[in-house]
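So the structure is just underneath, and the comments pick up after that.
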Amino acid sequence: MCVHMGLSMVKAIKYVQQKANSPVDMRVGIHTGAVLAGILGQRQWQFDVYSKDVELANKMESSGKAGRVHISDKTLAFLNGEFEVEPAFGEKREELLRIAGLKTYFITKVVKPFASPCAKKINEIRTENSHTSINDLVNEEDDDNDASLDDEELLAQKVITNGQQSAVAEDEEEQVKLENFKQRLKDELVTRDGHENLTKDTNIFLRFKNPQLEQCYAVYREPYSSLPLLAALLVQCIDVLYSYLVLPRSTLHFINIAAPLVPIAMLVVISIAESFSGMLPKFFVDVSKRFNDITFVRELAAIIIALTIGLSNVIDMFFFVTFVRTEHIVSESEFNATGGLEGEVEEDDGVVTAEHLLPESFVEQMREAVPTERILYPSYLSNFGILILIAIAVIAQLTHLTKILLLLSIAALHCYFNIFIMQDFYAVEDDLAHQPIISTRFCASGLLLVAALALSTLARHMDHEDRVIFKWKTEVAEQKETANDMRQRNEALVYNVLPVHVAEHFMKNTKRSHDDLYSQSYAEVGVLFASMPNFSDFYSEETVNNQGLECLRFLNEVISDFDALLELPQFQDIIKIKTIGSTYMGASGINLQRNLRNDAPITERWSHLAVLVEFALELKHALQGINEQSFNHFVLKMGINHGPITAGVIGARKPHYDIWGNTVNVASRMESTGKAGAIQVTEETCNILQQFGYTFLQRGLVAVKGKGQLMTYYLQGKSQPNAEPEGAPPSIELHGPEALALDSTGELETSDIKTPLLKIKAQERSAETEGIVAQEPESLRNGNAGQMGGESQSLL
């Protein structure tokens, strides 16, 4: 498939040449072997592969020819005769291939076409439109074109022809899919069975098996959940009204039913005040919030309100009996009905009747004193008990177990008074109702029990639904938290793959189309390349290094330390572009917020270039610290250039931010043609940096691929006024190789130089003049003793 892809890429680049009339061409190199894959560093992550076989594949490309697929003999061994090849003799053009003992070949013909899904689709299109076979169409093409490439070209033409129609059809299809998805989601939410979801998480009492979840549910409260307490206050007010209008009795009775209004009103107001934060003073709202935040206090207040209205009615029933006994307000028909029951009630039944409650001496007085139109109905009190049960059932601060206990207790008290305390009064009411089949006291008591049981069931159901909703909300909150965490991770990943301003372009620009490209031109940018030339000698795929993994671990530590420098405030405007093996690439001046005047001085326009140089020097210091800790002797070879560049994000998959232009190419050549331990710049860059106090050593003309001969310079350092003490020997400024060897010894790690330049050059100079020879070792010992140390002793 790699070979087929390489052939397709060559075919595609030829199509670009024809359509764009451009000389752009492509070389393809393929090698087969082992790799280590991973991510290096802490910023601008990119997935990459590393190994000597990867380096050989790179050399296969560079030693190939334009428009050809160049493969090694190891790759050819896996192709199983599916391609015809010819010798390419790449080992003669690339020494590394020769050292590895590889023989190279060019692909000339495809023997077995690749049956890709693309080719199958083309076959279907051709079958519909014509009876021409694929082989016939292939024969009409040039002999060097293979069948799979023709298939792909035909598909590309077909797509271009029907591009607009297919785009519209795809948009409509996506819209239909979105609507179907929304409908399925809605149906799923509607039909979702919360009972099954809750059964496995709760016990028979609807308590969550997870104690932490149960504690959270006890603390949790819905907005406006305290408003149902108003029902209790309303019921008590109704009690006052109907007792005063329908059942007029004594002042004691009125005090009994009116007194509970005060504590009930106080508790209700303090509970619901937080629901009216915009209408009440902030002090009351804050007190209400603190009151409701304490779970025990909130539940205790609800229980007190429920018991108050329930027991108030029970006490009122007792006062009803007392009032009748003391005030003797009962009608003549009531006594007649009671008298009619005298023969029916047995004394040994133990049942209390009106005759027992009312002495016979008062009977005649009552008949004369009470008007016949005043009748008292005890069923009023029992029916009012149902209103109390409803008010208790809707309280949201209580669990269903507490509600059931309150409902059954209050209903039982009412039933006891109905059956055993007020039976004679119900007998009077039965008489007025013409003696129903079932006594009113039993009907009223049964109605109370049925209402209590029904409301208990409702309370359990409401608690169940509340717990289901709470569990769903908890799950939604967890999913939101997970989604938010994933979003933050994804954003962090995007910001770590792309520079900040580029990531913001993609993340915050909601109107951007998904296939929009990003590119930006910059006129004044600094580019840095820094490589470790001796890392390839350090890299080993032996077993002791875990097939090279330990070497990559070390390289990751080095690059991570380099990345850490970018976190320093003074280097915030420097952007890491990428790493290429052990080469570190960075740029400065890529900042969209830089607003400079057209007539700004050089020191202001190119201040970022000076910062880039300081960053390069910090890279050397960081690597020196790593060498001291790991007992290694790595050095950096760096090149810096400045000028205009074009930046952008390339690739439909695994997008990568990169910069292009002549400035980048020259910076790369400054690094590749430079010297280990030195920073090489062009003459134009040298002229700018001299404005910032940097000193340079002229190297001379250097052959740069594609640019010819360029005058280059090595950075020596930053000049410091009055740095030389009086009486110091005059410094010697040399040009050419000799000067470079002497002046750069402070920057080089001498153990990494294959030829002891210091010793050789000293011997050459000794043949010319003894005075200079005597002076040079002394200056080297004084100036570079700290940097060379014991390593220079072992070298000499």
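In case you wondered, yes, glycine gets a Cβ from its N, Cα and C as well.
All annotation found in TrEMBL is predicted automatically rather than curated by experts.
Note on TrEMBL: of 117-150, 763-796, the range annotated with the feature region 'Disordered' is 763-796. Listed as Cβ neighbours of the transmembrane segment (375-398) (distance under 8 Å, sequence separation of 6 or more from its ends, same chain) are residues 221-222, 225-226, 228-229, 231-232, 234-235, 238-239, 242, 246-247, 271, 298-299, 301-303, 305-306, 309-310, 313, 316-317, 320, 324, 329-331, 333-334, 406-407, 410-411, 414, 418, 422, 425-426, 429, 432, 440-441, 444-445, 447-448, 451-452, 455-456, 458-459, 466. For the domain 'Guanylate cyclase' (1-61), residue counts in helix, strand and coil come to 29 helix, 9 strand, 23 coil, using DSSP. The average pLDDT computed over the domain 'Guanylate cyclase' (1-61) stands at 90.
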